[in-house]
Amino acid sequence: MVLFLIIAAIIIGLLLWKWLDVRSTDELTSMVKLLGSGNGQHVLSNAFQVDEKSKRHGGELVASVLKAHDVEEIFVLCGGHISPILVAAEKLGIKIVDTRHEVTAVFAADAVARLRQSIGVAAVTAGPGLTNTITAVKNAQMAESPLLLIGGAAPTLLKGRGALQDIDQMVLFRPLCKYVARVERLRDIVPTVREAIKAAKSGCPGPVFVEFPVDVLYPYELVVKEIGFNPNAKGFIQRALNFYLRCHVSRQFGNAWAPQTITPLPTNIPMPKSEKIQEIVQLVKSAKRPVLLIGSQATLPPVKPADLVKAVEALGCPVFLGGMARGLLGKDHPLQMRQVRRDALKDADLTILAGTVCDFRLSYGRTLSKKSKIVALNRNSSQLTKNEKAFWNSDVSVQADVATSLVQVANALGANHTTTPTEWVKSLREKDDEKESANAKKMEQKLTNGFLNPLNFLRTLDQSLPDDAILVADGGDFVGSAAYIVRPRGPLQWLDPGAFGTLGVGGGFALGAKTVYPKRPVYIIWGDGSCGYSLMEYDTFARHKLPVIGIVGNDACWTQIAREQVPMFQSSVAVDLARTRYDNVAKSLGSWGETIDESNADSARKILDEALAVCRSGEQSALVNVLIGKTDFREGSISV
């Protein structure tokens, strides 16, 4: 019997140890002292080390971790679930940028992550606030952007009981995020947020999601007031319920304000192995017609863009840039080709896929020559080998940081490396120039429908761009044409959605870019279809004094879809729009606006310069509504 009682006592003790979440003997000693302190607190508060008089709240803990991780802004759409985080963050000097749609907040955080090469943060309220972000989170996942999404949630005791905006949010975000977590105790806030940020930035970057029930964020006094204690409890059941509620809230706030480390955890970035680097070096040395395709992953830290440029120049290969890598080599670098990628890939004897993926953008690998040696570099194993064996085969595959790999290859080649034969570079340059000349002729064509030639206007836009401009691409046909004509001036000066092909990124990306670089002009290149998704954010630009320049290619049509649908089905159903005065919409939201049509086409450059001057003044955003006509420039361009 005695043995049984001893065993039972041990089991009960272990259960209490677990339930109280005792993490050390020092904590246990502290609990025992509090139990006998007679400090006027409830016995369970003492057992769990709760400070009943504290006015602090969980939002302060969240904000302190973000501040320690050098987060400078949080993009939000307000909601009662997350108010403590926003108030606490602002008190710590973190800028709170509130938007007109939750999806914009996440797109803005995505842009910050790309441009600052760190974590971007968005916070939204529970339920529909979170479901509104799903497209942007998926876009960030496919674009490999490290961002933290903070979401509110119903009180812990009301989960699954029909509370306002209570849904299973975790199940929605698990497929989209590298890391998801729900915090139910204040002492877990700090380690959870630190771990989430580490996960977002480690390996192949991506979005992470942390859910905070409302009672984890508000002060103890308010939570106790709202939890539902019965002050006149009579009988066993009512008293037992009170005891349970007291246990719950005491455990929730237990040891909440104990000192914790809030600084960043070390991130894990895959690095190339030396033997793989040597294999690539040998292929480069023997190649006569190498081609280098650089994608967005090459812009990720730790390598700085300037060091990557030096490595690319040392390799000496003709280069094609895509995604965030556009602009890496500036406007007119002799190694960069723009128009003849298919021809180059067909004739190449070495193709280096530096963060470039064999998806629809490379015809799933079918555009790669069967005679070419192929090197694939990517942090993501699935992207590294996408469609391999089906349409292409790699000779060297390296799952590692792309820019680090290129820098190490360049260093291993050394200063005595004989660069690519000039005949190969010269032949591609001649073909590229021929294509540019053909495009220039199309720019000079007068359209018979009375509207501007979009190619001619885009050339004017390109000529008007200052060297510090950041370009945001959000659209289909008009933006697709711009990608061939408008040239970003430097690294990290081009933002597009990435592989997901998402429409609607414009307002959010521009907001994020302008927040990071408030003194630089940010241009949104919009189609008239895509501008409808985020045009209301001109209100956000005005309220936060973050002026941007919007360029709308207005042909009153979802033209990228119409190009295939109309000739194939002889129907324009759902593709027609109106020649809407989007500039007047911007004006009504406190911005400057102008329309360019056939009557003032000769003043296009002057109007663009005026838009830039308005933006540079810091007083207003600008929107130029350009009434364009149809061309055959992008016939057959649809991707499936």
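Sequential numbering from 1, following the chain as shown.
Backbone N, Cα and C define each Cβ position, glycine as well.
Feature annotations, courtesy of Swiss-Prot:
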- 2-22: transmembrane segment (TRANSMEM)
- GLU102: thiamine diphosphate binding site (BINDING)
- 477-557: region 'Thiamine pyrophosphate binding' (REGION)
- ASP528, ASN554: Mg(2+) binding site (BINDING)
Collapsed DSSP category at ASN554 (Mg(2+) binding site): strand
Spatial neighbours of the residue listed as 'thiamine diphosphate binding site' that are distant in sequence (at least 6 apart) but have CB under 8 A: LEU77, ALA122, VAL124, GLY129, LEU130, ASN132, THR133
All-chain count of other Cβ atoms within 10 Å of ASN554 (Mg(2+) binding site): 29
Other C-beta atoms that fall within 10 angstroms of the C-beta of ASP528 (Mg(2+) binding site): 26
